[in-house]
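For D1274, C1308, S1309, A1310, G1311, V1312, G1313, R1314, Q1352, the entry in Swiss-Prot reads substrate binding site, with the evidence type similarity to another entry. Swiss-Prot lists 346-437 with the feature domain 'Fibronectin type-III 4'. Residues annotated as domain 'Fibronectin type-III 5' in Swiss-Prot, with sequence analysis given as evidence: 438-523. According to Swiss-Prot, the feature domain 'Fibronectin type-III 10' maps to 887-979. Positions annotated as N-linked glycosylation site by Swiss-Prot: N118, N124, N186, N243, N275, N364, N453, N459, N510, N636, N719, N776 (among others).
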Amino acid sequence: MRRLPLLPPCPLLLLLLLPAEVRCTTACTDDCSLKNVTEEMGTSSNDELSVNATSGNRRLSEDVSLPGRAMSDQNSVAQPRAVLDLKTEYVGVTSVNLTWTVNDTASDSYTYRIEVRNGSSINNKTSDITDAEITGLIPGTLYTFTVFAVAADGQTAGEGASISLYTKPSPVLDLKAEYVGVTSVNLTWTVNDTASASYTYRIEVTSDSSIDSLTSSVTMAEITGLIPGTLYSFKVFAVAADNRTEADGASISLYTKPSPVLDLKAEYVGVTSVNLTWTVNGTALTAYTYRIEVRNATSIRNETSNINKIEITGLIPGTSYNFKVFATPVNNTTEEEGLSLNLYTKPSPVLRVVTEYVGVTSVNLTWMVDDTASDSYTYRIEVRNGSSINNKTSDITDAEITGLIPGTLYTFTVFAVAADGQTAGEGASISLYTKPSPVLDLKAEYVGVTSVNLTWTVNDTASASYTYRIEVTSDSSIDSLTSNVTMAEITGLIPGTLYNFTVFAVAADNRTEADGAFTSLYTKPTPVTDLKAEHGVTSVSLNWMVNDTASDSYTYRIEVRNGHSVNNKTSNIPETEITGLNPGTLYTFTVFAVAADGETEGEGASISVYTKPRAVLHLKTEYVGVTSVNLTWTVNDTDSASYTYRIEVRNGSSINNKTSDITDAEITGLDPGTLYIFTVFAVAADGQTAGEGASISLYTKPSMVLNLKAEYVTMTSVNLTWMVNDAESASYTYRIEVAHESLINETMSNVTKSIVTYLIPGTSYNFTVFAIAADNQTEGEGASISQNTVPSSVNAFQCEAVANMSYLTLKWNCPYGGYSGFDIEIFNGTWTKKQQSQFCGREGSEEIFKTEPLDYYKTYTVSVTTVSDGLTSLPVQKICKTSITDPPVPNKAPLVKAVSHNSLSVEFPDFESVNGPLKAYAVMIVTEAEGCLPSKSDLDYTYNDFKQKMTATYVTYVIDVEEISSSSHSQNGHNIVDVGKGNTMYGYENGPLIPLHSYRASVAGFTNINFTVANKIMGEQSYVSFSPCSEVVSLPQDPGVIAGAVIGCLLAILAVVAIGGYIFWRRRRKDKRNTEVSFSPIKIKKSKMIKVENFESYFKKQQADSNCGFAEEYEELKSAGVHQPKFAAEIAENRGKNRYNNVLPYDISRVKLSNPSCTTDDYINANYMPGYSSKKAFIAAQGPLPNTIEDFWRMIWEKNIYSIVMLTKCVEQARTKCEQYWPDKQSKSYGDIIVTMVSEVVLPEWTIRDFNVENADTMESHTVRQFHFTSWPDHGVPETTDLLINFRHLVHEYSSQNPIDSPILVHCSAGVGRTGTFIAIDRLIQQIEMENTVDVYGVVYDLRMHRPLMVQTEDQYVFLNQCVMDIIRSQKEKKTDLIYQNTTAMAIYENFTPGPAFGKANGYHA
């Protein structure tokens, strides 16, 4: 096929000349139509042309002169320039739109002329603006357009601008297909334009997949090479002679014929439909439609399809049909010859295929068919089992299928077959399982409480796919469950219940069941729960619980197992008692609940228990220690070899357990001194089952006491202290064993201290302290300490000078108790000499000791201390003077001067008095010129002996030192004696000397001078020394006798005075009893000293007539001391410090406080009182007033007081007798003194308090003990003498250890009555012990000289004498020390311990 040449697309220039609104908006393959064409021009040259202005909304039109018409002349104007940019905005069939530009400034006044030239034809158009539409043109014709700008004069035109172009041809007419083939089409058309002879034609062929162009120079064209059955668009364009300017296209669309269909077949033959398919070789087959002619014996109809297949529906099932297919393009008019196919439709599927019967190896099937052609049908039954397929046939609508496998899935498909014997309808299928065979050997492999395990067998070949339904039936329920295997665990059953189990084999469809196999049984009862055993010795009580709903029908079997022995018991209720068992033996009790059948038992619930062992026997302690106890016991049980033993150790709420494998145990880790209850339980071999406990209660031994010390040792007591760290020590008592040689005594204490009394002084004791637990029986190990008591001081100590010897003779009575010797200490100032005495006789015998030589006439303090094993007694002191002896011989001779013819003066210094005071001097005259050596024998010679020539040496004058007048001494202390005066002194005459004789003088000095009855000096019995003889003095001649006589008289007077003075001096020395010098001038003026052995008769005498004698004595004492001054007490500032106006302290003995800020601050109502051995042994004071408490404590501190004796209650008979001056609990400050009560022991008759007293300024402190006697009424006396004597002993024992300068402070209310009685008792007891004499009167007198009203009442005075009487009587009864007989009071007090601040005083424990 020849293809015409294609025309070029629309020229680009043409497009640019067109206005924007009329440009082709697509490629020039479609219509290039022009818009705004106002008129389509004809081809006649006579048509009127018009010019339309396309800008400014103005339309200009004018008649145009015929071509060649001349223009009239105008005024000459400037020629416009040629227009620029002349172009076509639009080219149409009969019109053209032109545009141009003008750059002239006068262009606004321009008009424009457009010259239109076509060959020889010229037309003119005008325009006021720069564009113009030229209409009335001839289609497809060449035109030249020249535009001239014309000035405002309308005549002057510029150069013309030209453009040449063809108008578009007119579209072709009557375009049609003369022939349409499978791959080609013949087109024809017509054209009416006058210029058509010069036209060529472009045919544009467009399909969905391509665009082609071809050309033709005539008005027809054959288009070849097309695709069959394809829709094509054919568009024909007339093209002007320039081969560029095209007319608008004329179009026609059509299909090429399809290719014939091929390979027609039925893809699917259905019951009422057939699916046909075919092929077509044309490439445009997707655009085909197909007509299918459907023909059967009675009818014809057509179906169409847009694709190469179709489903023909609405057919009659099982009927013969002829199907013919025609391919038809989209226009449904072009067809080729059809292709035919003959076939039967399928019969309809059979309906309601059901099984009338399903058996183990056969199935009966039935079905229905509704087709009108069904009478000609036969039926094929396909029997499928897995991959095995068998076919059965039937001419009717039912069939029995036999020879099947049990329990197997079969699919039975029934096909209706048409009359051709081949075309079968869709199969109607039914799938089912044949029944499985019934299960075999159904049995219960396991019967549980809530479950049963069933097993069975199945011999079917399909049994692997079986499941099994187990129907479980009881009286109250029916349940089903399934199993995939030939066994099943049936759970959730009710214990102890009868169940029927039916097992059905179920085919794999889970529906088809075999006939059931049946078994019946009881589930096991639930094991009993909460099985408990009450242990007995030979029986066990069991009880249990069963929660099963069927438990009312249960019985119970109890299996009793002991080793290899098994017994069974039964019970109808959930409890039982098993008897006849062995003690302490392991039994396993297994309880089985038995269902109502009497055979089905639940699992046994077991409990293994031991019977209780019998209680242990003979529990006892083999040993009780501090932290351990050894227990033993016996057990008679036959199984006791396997027993262990639990020992429960109970201590209050604390319980611990110990174990033992044998019948004894050591329990350790106990607390000392603690009550424990030990309960021993025999425990069976299980380690848990215990028999009844056997108990024993006991205390562990307390620990041995620690730090046992003798804190305070006296003659008859030892204060023991110790510590106990035991937790239970608060409940302990303590036994103190006091051992001396073979004698052992005991005492008890409730605290960790004890004062052991009634000891023998100076004796070694072994003190063993045993802590005793609260049972008062269990003792700890004793802690021992050996301690010697302080030995007793010697009694009746006397110190005597030995005449004319320098040593002293000491005498004392051997003390009570033991001792190893005596230390004798002799000291004078800083000089001290110590000696020892080792021996003493029996108690009370006198010991005499001679000291080593001392200085003559020296006052020594001699102290005798009893020594015993390093301890010493309180020293007994005496102040003694050694004897006087001859005075030392003077170094110088006397100075002798002649006074007259018969007298001379002898001047000599005093002899040294170191060997005794000089008592007298004897002036001796020696008449021999040579050999002046006076001797004691010369003292016997007198002046008369000299005159009688019996001696050359004589005593001329004796001077009594005490009688020397002041005139007898010169101012330089020398003595001057005038010899020869003729006076007489004692038995010596101071006779005149012989004138003109020579004399020498010597002076004899006497420390002791004794005279004969004749007043002659006893030389051998006197202590005398002689001075060297003086130089010889010669007397002058005698001036007269008268002078000698005068001197003799004077000497005689002097002798008398000397003798009188000497006698007075001797008497005074004899009367003086106490060598101590009082601190005051008070001297005892009266006393009634009575020996102890005479006191009883004296007492009875004074006691007669209602104590008349004592009353007289007491009356005599009333005036004692009352005239002594009390100025300080009477000062106005001090009156408020006195409790009573009639009890004021004497100035001479009052206690003065130190550091007074004013003169009255030193005052306190208190006096120093003499004791037996010290003038300041006591301070007697009134009870403090509120305003004097600070002064009271200030006195205690300043006077170094360690002991206070309080003899009154604070309030008596509703009257305040004394302020409470001590704190109860907290420390309290009294001025600068801080007082803290350390301890308080309250006893029936007295209270003992210890205070710590501290000076806030110096921070020094010491302890003060207060002895508060509470059983002495004011102005009265205690009930018994023993009570006061014992109390005095208590105070004395303590205070004897105080510092030696520490007085005892005694007070009651006024500080006179009870206070005086107590001080007097102390002095009298010591006087009895030391002197074996009694002076009650003298003691009271002495006290009253120091403080008024001491021993205030007659009753108190009589009471003092009664005390003395009782003391003496007790001595006679061999109770040597009454003070040791306080069996009641001291037993109470013996555990009281001094406060912690007590240390040592003077080497003794305090």
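Every residue, even glycine, has its Cβ placed from backbone N, Cα and C.
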Assigned element (helix, strand, coil) containing N186 (N-linked glycosylation site), judged by DSSP: strand
Lowest local Cβ density among N118, N364, N636, S1309, Q1352, which the record lists as recorded positions, within 10 Å: N636
Counts by DSSP class (helix H/G/I, strand E/B, coil) across the domain 'Fibronectin type-III 5' (438-523): 3 helix, 48 strand, 35 coil
Other CB atoms, at most 10 A from the CB of G1313 (substrate binding site): 25
Rounded to the nearest Å - Cα separation of Q1352 (substrate binding site) and N719 (N-linked glycosylation site): 37
Collapsed DSSP category at G1313 (substrate binding site): helix
Cβ-Cβ neighbours of N719 (N-linked glycosylation site) (radius 10 Å): 24
Glycosylation sites compared (N186, N243, N275, N459) - the one with the fewest other Cβ atoms within 10 Å: N459
Which listed residue (N124, N453, N510) has most other Cβ within 10 Å, given these are glycosylation sites: N124
Tertiary neighbours of G1311 (substrate binding site) (same chain, Cβ under 8 Å, six or more apart): V1143, N1165, A1166, A1180, A1181, Q1182, G1183, R1347
Cα-to-Cα gap, N459 (N-linked glycosylation site) vs N243 (N-linked glycosylation site), nearest whole Å: 101
Residues satisfying Cβ distance under 8 Å from N776 (N-linked glycosylation site), sequence separation of at least 6: T733
Per DSSP, three-state class assigned to N118 (N-linked glycosylation site): strand
Residues of the domain 'Fibronectin type-III 10' (887-979) by DSSP state, where helix covers H, G and I: 16 helix, 35 strand, 42 coil
From glycosylation sites N118, N186, N364, N636, N719, the one whose Cα lies nearest G1313 (substrate binding site): N719
For N243 (N-linked glycosylation site), the three-state class that DSSP assigns: coil
Cα-nearest neighbour of N275 (N-linked glycosylation site) within the listed glycosylation sites, N186, N364, N636: N364
Secondary-structure category, per DSSP, in which N776 (N-linked glycosylation site) falls: coil
Inter-residue C-alpha distance, N364 (N-linked glycosylation site) and N186 (N-linked glycosylation site) (nearest angstrom): 73
